[in-house]
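For reference, the structure discussed in these notes is given below.
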Amino acid sequence: MVGDARPSGVRAGGCRGAVGSRTSSRALRPPLPPLSSLFVLFLAAPCAWAAGYKTCPKVKPDMLNVHLVPHTHDDVGWLKTVDQYFYGIYNNIQPAGVQYILDSVISSLLANPTRRFIYVEIAFFSRWWRQQTNATQKIVRELVRQGRLEFANGGWVMNDEATTHYGAIIDQMTLGLRFLEETFGSDGRPRVAWHIDPFGHSREQASLFAQMGFDGFFFGRLDYQDKKVRKKTLQMEQVWRASTSLKPPTADLFTSVLPNMYNPPEGLCWDMLCADKPVVEDTRSPEYNAKELVRYFLKLATDQGKLYRTKHTVMTMGSDFQYENANTWFKNLDKLIQLVNAQQRANGIRVNVLYSTPACYLWELNKANLSWSVKKDDFFPYADGPYMFWTGYFSSRPALKRYERLSYNFLQVCNQLEALAGPAANVGPYGSGDSAPLNEAMAVLQHHDAVSGTSRQHVANDYARQLSEGWRPCEVLMSNALAHLSGLKEDFAFCRKLNISICPLTQTAERFQVIVYNPLGRKVDWMVRLPVSKHVYLVKDPGGKIVPSDVVTIPSSDSQELLFSALVPAVGFSIYSVSQMPNQRPQKSWSRDLVIQNEYLRARFDPNTGLLMELENLEQNLLLPVRQAFYWYNASTGNNLSSQASGAYIFRPNQNKPLFVSHWAQTHLVKASLVQEVHQNFSAWCSQVVRLYPRQRHLELEWTVGPIPVGDGWGKEVISRFDTALATRGLFYTDSNGREILERRRNYRPTWKLNQTEPVAGNYYPVNSRIYITDGNMQLTVLTDRSQGGSSLRDGSLELMVHRRLLKDDARGVGEPLNKEGSGLWVRGRHLVLLDKKETAAARHRLQAEMEVLAPQVVLAQGGGARYRLEKAPRTQFSGLRRELPPSVRLLTLARWGPETLLLRLEHQFAVGEDSGRNLSSPVTLDLTNLFSAFTITNLRETTLAANQLLAYASRLQWTTDTGPTPHPSPSRPVSATITLQPMEIRTFLASVQWEEDG
C-alpha cells in the first residue's frame, strides 16, 4: 500500500575492515564434538557480520552519493487475496501479479551487472522459488551471492507493529529467515529490517529486530508533525534504544526514516503503472527531456541531502506491486545514472548516483563515524495529517483479531506436542500430522493488512480460511501425539465453537473424557466450561477421584454449561472423565444484593442501574469505587474542519463525548459453588457476564457486542469504559506487543510539541495484552484477549474499543467501509480486571497475561479407546518437564526444527524493577540438563532470536550515541548448560535430542 492517501557505544565501524569470505551455508551447523557433559559453545567472531558488506558498490567520498534502491512492496493480501496477488488474478481490482514481478526482475538484473534489487516478502518469494527450474534457481543464487539481488527484512511478511503479539512476530520472522538461510546460506541473510508500510512503529519491534541481529531499521511512516521536526533538527536517523531492561547495545537499533515514505520522488516513477515521462536523451526528439530531468534530479538530491547528516542519501525507486515490467524501470534508471554522473566531469557537479541497497547505504553511514541521538519511546500513534489519526485499526475486525490470537495459542500447543512426541506426532493412527500449514497461515496473519483488520472483506474471509485449514493438520498431529503420550487411541474431538457454547459430543454423550493440555511451564488450576444437555454430571480426576462440579444455566439461552476445575501439570495434560447422573431439578440461588465474591475479590453492582460500582481486593484490603459501562462514538463522515471520515485505518469520532449504549442494565444473578455471575443486558445488541471463580484474583468480564445497528445512518465505535476516582495525573500505561510497558501521557509526545487536533483519537494507543492506570498506591489493570485500541481520556478513566461498524471509507485505499455484509457481525470477548497495590501488580498481570496467551487447550473423546501399545499401561496425566519453571520464566518456544532437533526459547517475562515483593524481576538461573521428561538434550547451540545464525558468529555494526560510549560484550566463553536469564531476556537454542522410547 502506498502513499499517505494510499494511492499512486563504541566507535563506529569496529569491524569495518573485515571483508573476508562469506560464511558458508552450513554456518548454522558448525561441527561440534559430542558432549559427554552438556554445554553451550560460545566462539568469538566479532567481525563476521561485516563481511556481508563486501559486495556493496563503490562510492565517491568527496561527493553527495545518491543511493537508488529499486524495490517492490508486495502486500501479502489487501485488496486481493494472497493467491490473487501472486497469480495476478482480478487485475480489475488492482493490477498486480507477484510471479511476473519476480520473473521480470531476474531477467532485468541479468541484463546489466550494476543493477540491484531488494525483495522482502518471503511468503511470495518462497512460492515463486518452488516453481522455478534448477537452472533458474542457480542463476538466482548467483545473483544473491553477488549482492545484486538482496533480501531485506526477510520475514514471511512485513508484519504489523500495533496489533501483533511478540511471540507471533518472532515466529513469522523465524519462518522467513529460515527459508533464506536454508536456500542461500549466509549470502541471503538480511542485514537490515525494512518496515516501509506499517502504520506506526512499536518499541518492542525494534528490540526484537536488534536481538535478531539486524544492523539497522528503515521505515516510511511516521507522524507528520514528528517528521517535520526531524527534518529541521537533522534527526531523520538515530539510534533507537528499544528496551529499558536489556543492557545496551542489546536492544539498540540504528533507525532511518525514508525521505519519501517508500515511493519514488515525484516525476521519477517509471513503472508501467505510472504516468511519468520516461527519460528521452535523444536531442533530436521533440520529446527530449534529459537536460531538464538532470537539473530536476540534482536539485532534488541536493535538497534531500540537506535533511540528513552524511554525504549519502537514499531514494526508493519502486512502490506497490511495481516492476511487473522491470525493464521500464531499469532502462530509465540506467539512463538517469549515466546522465547525472556525466555531469561530474562536464560541469564539476558533486553528486554521484548509484544502484544500491538499504544495507549498503547503512554501511556508508556506519563508516561516517558520527555520534547519533537516541530515541527511547515509540512511534505511536501515527497521523498523516490534522484530524487523521491511524488509531482505528487497533480495533478493526475484532473477530479476526481474536481468531489470530486463538490460533497462536493453538499453534504453540501443536508445536509443543510435536516436540514432546517426536516422529510419532507426524505419522500415527490418525494420519499425517503437520504443524507447517498453521505456522505459515499464522505468519501470513501477521501482515500489516491482515491482523490489523485493514483488508477488504473477502480478503479477511480468506485469512480466516487459511487459519481454519491450518488447524486441521495440527488436530491430526495433536491426536497422534496425545495417543502416543497417553497410551490410548481415542476418537479425539476438537470443539472449535466452545466460545458460543456449542460442542456436539458433550451435548449428546452420556459419558466422555476431557483432556486438558497446559502449555505453560508451571501447573495450572483452570476452570473447564462445557456445553451440556443435562443438569447433573459426575466428574473424576486423573486418579479416579470425584471432583466438585456444577451445571449452570445460561439465562440468555436457557442452555447449560458444566463447570469443573482441572489441575494440569506443566507442559502436560490431565484426563478427566465425565458421566451423566440422574436428573435433578436445578437449584436456583436467589439474592437481593447484587454482589459476587470469593476469598480474594468482591464486586458490587448498583441495584438501581445494574452497573458495576465497586471492586474490593480482600487480600490486600483495597477498595475502589469503579463504574463500568458500554458507550459508543458516533463515527465522523467528515465535517467543516476536514473531510476525513472514520474507517478501517482512521478513528475519528464526530464528537469527543461518547454516548451510552444504555444507562442501565437488566441483571440476573447466578450463584453456584464453582462460579458467581452477574448477567447484564444493556440492549438488544450489547450484553455482558461479570464472573468470579473460586481462587481467582481477577474479575472476568465476558462481553458480547453486535450486530451493531446502523439503521439510523450512524456508524458506531463501541467502547467499554471504567471510571474511578484515581488521581492519575494524565498518565496511563500500555504494553508494547505484549511485552514491555510504556508510559503514555494525554495530549503529549515525548520528542516534539504536539498540536492535538483529535482529543480522542489522538490519545488512543495499541493495547495487545494490558492497559492500566495507577495513583501510585492502587493500580487498576485490564487484560485483553486480543489487540484493541485503548486510552485514558480523563484522570481515573480507562477505555478499550471492542467493536466498530462504519458506513464510509476513510480514503486510504481499501475502498469499502468497515461494514460486514448482511446484518453485521457479533463479537464475544473477555476483559480481566485486576486491582492491586502498585508494587505487587506486575506479578499479577504478568502471570495472568501469560495464561491468557497460552491458555490450556481442551480436547474431547468418547472414552473406551484401545491401548496405543499393548505392553504399556495408559496414563491419565503427563508432564513434559521434570521440574516446573520459575514463575518469571516463560517457555516461549518448544518446536520441532529437524528430524532430531528442537527449537527452544526461554524468556524472562519481567522487566527490571517491576516486582520487588517476590523478586520476580531478579535474574533467574536454570539448569537445562534433564529439564524435559520426553527427550534428552544431547547437544545445545545458542542462536540469535530468529535462529538463523549461531550467536557465537553473530556480530552487529557498532554505533556511537550522544549518551556516551556503549560497552560491547566481551568475547564469549564456554559455559555449562546452566543458563541465566536477565530481566526481559530471551535466549534461543537449537537442541539435538533423543526421544524416550515410551514417550
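From the backbone N, Cα and C atoms, a Cβ is placed for every residue, glycine too.
Going by what Swiss-Prot states, the Zn(2+) site holds H73, D75, D197, and the candidate of H165, H312, H448, H458 recorded there is H448. Out of C274, C360, the record in Swiss-Prot bonds C269 through a disulfide to C274. Swiss-Prot lists region 'Disordered' at one of the ranges 1-25, 576-600, 726-750, namely 1-25.
For C503, the disulfide partner recorded in Swiss-Prot among C474, C495 is C495. Neighbour counts of Cβ atoms within 10 Å were taken for the glycosylation sites N134, N499, N919; the minimum is at N134.
Here the CA atom of H448 (Zn(2+) binding site) lies 34 Å from the CA atom of C503 (disulfide bond). Here C269 (disulfide bond) is compared against the binding-site residues H73, D75, H448, and the shortest C-alpha distance is to H73. DSSP classifies D75 (Zn(2+) binding site) as coil under the three-state reduction. A distance of 41 Å separates the Cα atom of N681 (N-linked glycosylation site) from that of D75 (Zn(2+) binding site).
Between the recorded positions D75, D197, the minimum number of other C-beta atoms within 10 Å of a residue's C-beta occurs at D197. Cβ crowding, taken as the number of other Cβ atoms within 10 Å, peaks at H448 among the binding-site residues H73, H448. Take the Cα of D197 (active site, nucleophile) and measure to each of the recorded positions N134, C274, N634, N755, N919: the nearest one is C274. N499 (N-linked glycosylation site) and N369 (N-linked glycosylation site) have their C-alpha atoms 57 Å apart, to the nearest angstrom. Ranking the glycosylation sites N369, N634 by C-beta neighbours within 10 Å puts N634 at the top.
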